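According to TrEMBL, the feature repeat 'Solcar' maps to 5-94, 104-184, 203-298. Look at TrEMBL and you will find 74-91, 103-123 tagged as transmembrane segment.
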Amino acid sequence: MQLDLESLSEATSGAIGSLVSTTVLYPLDTCKTKYQAEVQAQHQRKYKRISDVLWEAIATRQVLSLYQGLGTKNVQSFISSFIYFYGYSYFRKLYLKKSGNKYIGTAANLIVATAAGVFTIVITQPLDTASSRMQTSEFGKSKGFWKTLSEGTWSEAYDGLAISILLTTNPSIQYTAYDQLKQRILKGNISNRTGTKSSPEALSAFSAFVLGAVSKCAATCLTYPAIRCKVMIQAAESDDDKSTEAERKAQRTISGALYTIWKREGVLGFFKGLQAQILKTVLSSALLLMVKEKIAKSTWILMLVIGRYMSVNSPKIKAI
């Protein structure tokens, strides 16, 4: 079976970019997630603003707890990004081959991106649920990955699966917008080399950063109420939560989360933490795509070397 080297190169560079952006921005992500997970009336809130989460960590001497769940999150980010970028690149190439088109349209791009996103989420949802619960645990009380998941049922490991699938529209919108803008910039820049495989065209680091930021900002604004609900559904139970057992169970559903936000915080509650979400996701996405574009040529060369090595040695392997 012949390896799809270009898809493998895209997946590898995307996964490395995700690993870098997740690690660099993780403390901000923890503050944002804990702030979003709290659903209380204005006068009852523990965190009036996102900076209160940071000050709590400093005041309780639990600054390192801002990194609670980092290992699980990195594993989840790396695996999901690898699967997503491989699937997206593979299905995109398959569509172009079958259709005979030179460029993929917006509608087809959305379908391809959504299909890749759904496939990724089904595989990595337990990791996502565990990392969210570890992040939203009280500072200093976070449990390990296996203990976090083992305390609940297997179905609870897939808490928020439905809304996560709905949120595949977020990266679908982002990467479709990014890819369409990238194609406009690179259109006509075809390699002059003939007779050999050329590396995929890449943007400059600055261009990739700007396009990544713009595309992610648009996607985040359009899907934010669903993002807020997902955080609530997956959040760990708080010691300060005075909700009854029935109310807590109801909050684990999409309709229950929507009702709780509406009842306690009103319409504006659906957009609580939007600024922090935009800051984190825009920086994360832009950094991911910048790193991905920067190392794309290096990974492409590496894949070519591996592919050539395998093709040279495959006859020897068959002979053995």
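Each Cβ is built from the backbone N, Cα and C atoms, and glycine gets one as well.
For the transmembrane segment (103-123), the residues of the chain that approach it from at least six positions outside its boundaries are 79-80, 83-84, 87-88, 91-92, 95-96, 161, 164-165, 168-169, 171-173, 175-176, 179-180, 183, 187, judged by C-beta separation under 8 angstroms. Long-range Cβ contacts of the transmembrane segment (74-91) within its own chain (Cβ-Cβ under 8 Å, at least 6 residues beyond either end) map to 4, 6-8, 10-15, 17-19, 22-23, 112-113, 115-117, 119-121, 123-124, 127-128, 131, 171, 175, 288, 292.
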